[in-house]
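The domain 'G-protein coupled receptors family 1 profile' annotation in TrEMBL covers 43-294. According to TrEMBL, the transmembrane segment annotation covers 27-50, 62-80, 100-122, 142-166, 202-227, 239-262, 274-296.
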Amino acid sequence: MLSSENSSSHPEFFTLLGIPGLENTQFWIAFPFCVMFVVAVTGNITILHIIRTDHTLHEPMYIFLAMLAITDLVLSSSTQPKMLAICWFNAHEIEYHACLIQVFFIHTFSSVESGVLMAMALDRYVAICFPLRHSSILTTSVVVKLGAVVMVRGLLWVSPFCFMISRMPFCPNMVIPQSYCEHMAVLKLVCADTRINRGYGLFVVFSVVGFDMMVIGISYVMILRAVLQLPSGEARFKAFGTCASHICVILALYIPALFTFLTHRFGHQVPQVVHIMFANVYLLVPPMLNPIIYGVRTKQIRDRVIQGCCGKDS
C-alpha cells in the first residue's frame, strides 16, 4: 500500500526475510548471534564506564577507544535486535521510515567506525614514532576535532543516500532478502533509474574506505619500521603482537564490509546465504572484538577490570 500518489510515493513497510535459504535453522543460528551481541554490548559499556570514571585514562588513546565503543554500540544495536526478532518471533515487517533510519545509522556509523580506526592508527603512529611529542601533537582539542570531523564526514556522505531514496518510487515487491535495511538492498526495490545512486554509493565507499585504509596502512608501515629498530627482541615481539591483533580487528571490519558491498553490485554468482552471513558478520564481529583487542589487552583497562572483579568478590 502506498502513502501517496506522486513520484515520491513509498510503501508503508518492507518485509525482511532474515537469512534466506536457512529459514528452518535461523531460529538456532540466532543464538550465537545473540551471544555475540550481548558480549559486544557488555564489553563496550564496560569500556565506556572505565574510561569515564578513571580520570587517568582521559588521554587521546582512550578517548578514541571511547568513540569506538559508542560507535560499536550504535552499529550492533541498529541491526541485531531486529534480526533476533525476525529469527525468534517472525517479526519480518519493518516500517518504511524505520527502514530508512536503519540505513542511515548503519552507513553513517560504519563510516565513523572506519574513521575512528584511522584516527587510532594515527595515534599509535605518533605515540611510537614521536613519543616525546605525542602529548603536544595530539592534544585533547585535536582529538575532539578529529572525532568531530569523522562524525561530520559520515553524516554528510550518508545523508544523501536516504534523501535520494525517499524521493523515488518503489516497485510492488517489498521484500528485502536479508535481516536489516541496507542501502543497496533497498535500492533494488526502486522502480526508477538508480545509476546516480549507485555511482554515489561507489564514490562514498571508495573515498571513505580508500582514504582510511591508505592512512591506516601507511601508519602501520611506519610503526613496524620503528618496531624493527627496537634493541630488545622481547619488546619487538610484544609490539608485533599488538600490531597484529589491531590489524586483525581492522581486517574483520573491512573484508566483510567490502565483500558485502561488492557482492551487491558484482557478485551475482555468490550464494545468497554466504552474502547475508557476511553482511551480518561485519556489523557484529568488530563490535564484539574491539573491546577485547583494544580494551582488555590494554594494560590500564585490564587492570581496572581485574580490580572491579576483585572488588565485587571481596
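Backbone N, Cα and C define each Cβ position, glycine as well.
Most Cβ pairs under 8 Å to the transmembrane segment (62-80), among the stretches 100-122, 202-227, 274-296, belong to 100-122. The highest tally of CB pairs under 8 A with the transmembrane segment (274-296), across 27-50, 100-122, 202-227, 239-262, is held by 239-262. Beyond the ends of the transmembrane segment (100-122), by six or more residues, the same chain brings 61, 64-65, 67-68, 71-72, 74-75, 78-79, 82, 94, 143, 146-147, 149-151, 153-155, 157-159, 161-162, 165-166, 180-183, 186, 204, 208-209, 211-212, 215-216, 219-220, 246, 249-250, 253-254, 257, 283, 286, 294 to within a C-beta distance below 8 angstroms of the stretch. Beyond the ends of the transmembrane segment (202-227), by six or more residues, the same chain brings 107, 111, 114-115, 117-118, 121-122, 124-125, 128-129, 153, 157-158, 161, 236, 239-240, 243, 246-247, 250, 254, 257-258, 261, 265 to within a C-beta distance below 8 angstroms of the stretch. This prediction places the mean pLDDT of the domain 'G-protein coupled receptors family 1 profile' (43-294) at 91.
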